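The block underneath contains the structure these notes are about, expressed in structure tokens.
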Ligand code: S3P
């Protein structure tokens, strides 16, 4: 399964325009919401990454009809009350979003289901979701009292809760909201730091009423979702790799169209601006359910920055590639309050620090982040992806500036979120 990939880019520039694939978070939700609603939901710009295909696979096992034609997906559902009890285990692959959001959705059905995923999923904490769901009356069993997959869910009647989020996590928030859809009463969620709000936006798009004010979300149970059309913008977390590449690879000039710039996701743009990147962001459609922009980035000198506090949830998935960016910036970059990195697809603090050190970067791990002294000239080496798509892509972008080749042990994992990543690299290199 693991496939080593040798990258020898010889410091050529990246030039041209690309369309990054659809947003992973929004693609997952489009299928979930379409499956809950009765009728035909159409999705445009769907991400054909392995994670989102896992979501489709789970819903097919629940009896929902889903057609995939290129990046257009059609979901025809008789509605959540008509789903069938699956004979098979629902396999969520490498996808934390699928596992956690499904847990919330399935808790309020009448079905018995079992969720399990790959080795990485088997190590990721699930009680952050199971505990609030149990407060709502959910019946969930699993290893270490529901902390780890496989998880068995016996659907039951749910009661709304008033819940203060202990961590900034859109997966936890979304699982509670999706359970809240089926619960009796008004679910209230209080967020100290705002996490991505795609679920709240999509609930409105599917005709539900949800109130969000000053970090407090109120959502009345028993609402019916209306099937609709969903336009998935390009994923800013995928664009991030080319934003960083454009900033650090000499003589580059990259344009990306239709990039989702939801403010709860666009922390990387603020960081690039703060570090002195040569960047332009032109909003395409401000009034869409999810705003989009055309982003252009050109190579420039960079300065270090401190990245901390409430911006962290707005760029959590971009930190591996931001760390690489910081190795090319003048001064000391400090990333703190990012302990959530330890419970992603792999421990991303350890993975980023280990792998960038192998290339000669001056980087050290802290309890809740990392400290990077730049700039440093990176050399090549053999890097591990830890089976984590974002570590794999960070390594590939490093190869674009390294003085000698980089070999990545398992680069296939990149297809979890960006199956056309290397095609886009080649396309941009062609124009140099
Ligand atoms: C996601 C939320 C984030 C993010 C993940 C996708 C989502 O996780 O890291 O890649 O789609 O809701 P947390 O909510 O656990 O921080």
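Placement of Cβ uses the backbone N, Cα and C atoms for every residue, glycine included.
Small disclaimer: the values here were computed from a predicted structure and weren't measured.
Going through 124, 143, 201 against TrEMBL, the one listed in the phosphoenolpyruvate site together with 24, 96, 171, 348, 390 turns out to be 124.
Nearest by CA distance to residue 390 (phosphoenolpyruvate binding site), out of the recorded positions 25, 29, 169, 317, 344, is 317. Least packed by the Cβ count within 10 Å, out of the binding-site residues 24, 344, 348, 390, is 344. Candidate binding-site residues: 29, 124, 169. Those with a Cβ under 6 Å from ligand 1, in sequence order, are 169.
Comparing the binding-site residues 29, 124 by how many other C-beta atoms lie within 10 angstroms of each C-beta, the top residue is 29.
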